[in-house]
Amino acid sequence: MAPVKVVLLDIEGTVCPISFVKDVLFPYALEALPDTLKAKWDAPEFLPYRAAFPAEHAGSQEALAAHVRDLMSKDLKISYLKSLQGYLWETGYRNGELKAPLFPDVAPQLARWREQNGVKVMIYSSGSVPAQKLLFGHTNGEPSDILPWLSDFFDTVNAGPKQEKESYEKIAAKHQEYPVGEWLFLSDNVKEVEAAKQAGMQSYIVDRPGNAELSEEARKEHRVIKSFEEIGDL
Ligand SMILES: CSCCC(=O)C(=O)COP(=O)(O)O
Ligand SMILES: [Mg+2]
């Protein structure tokens, strides 16, 4: 195995609990939706979010809200929905109502990999890049803002779908100073781990409390970790 020079991290189910997204972030977005649509429908800052929706769902505030509720009830990771969610969460993060509960091993291990091992840490999530930056800028730790520790951010807009190997090839190609074999991708999602490996990255499954049960096959096929501490120094 080549030495790891870049750690690429998934978010939900890897650095924070799935329940934070499902039980805190999603309800916050749904609650904020009607008033935001009313207040911002024709605002220049909101037009790109609205314009990204398919025309048949963007004709009225009611139609757009119904479509958002439908997509969110199915937890669909569609780029225009994920962008709108980031916009809806912004007020909550900025006024202190939302704070991302990172698993306790995450921030100390990121600090260690960066400062002692000289490793770059980057993010690849279905959540939009602005939503990723809000989350890492407002964590429940000390310091709360760990954005300066992160070197780059990827989502389904700038990299592509997380279950396709081409997305990982595109990410690695942006940072050609690090050969693809020197990247380590960590995710709760087996299909994402398989896609990263097909692209030539090293990749482990992260098995956190509240994650979906892993199959025996996945456990045989891939390294499974419960905490970043198990990786140790890189
Ligand atoms: C960073 S936005 C909050 C998480 C989110 O909406 C999401 O879809 C996370 O998906 P992931 O690819 O990080 O599992
Ligand atoms: Mg995930």
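Just so it is clear, glycine is given a Cβ too, placed from its N, Cα and C backbone atoms.
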Site co-member for substrate according to TrEMBL, given SER125, SER126, out of LYS99, LYS162, LYS165:
LYS162
Please state which member of ASP155, ASP188, ASP207 TrEMBL lists alongside ASP10, GLU12 for binding Mg(2+).
ASP188
Closest of ASP10, GLU12, ASP188 to LYS162 (substrate binding site), Cα positions, binding-site residues only:
ASP10
With a 10 Å radius around each C-beta, find which of these binding-site residues (GLU12, ASP188) has the fewest other C-beta atoms nearby.
ASP188
Which binding-site residues out of ASP10, GLU12, SER125, SER126, LYS162, ASP188 lie by ligand 2, going by a Cβ under 6 Å?
ASP10, GLU12, ASP188
Going by Cα-Cα distance, pick out whichever of the binding-site residues ASP10, GLU12, ASP188 is nearest to SER125 (substrate binding site).
ASP10
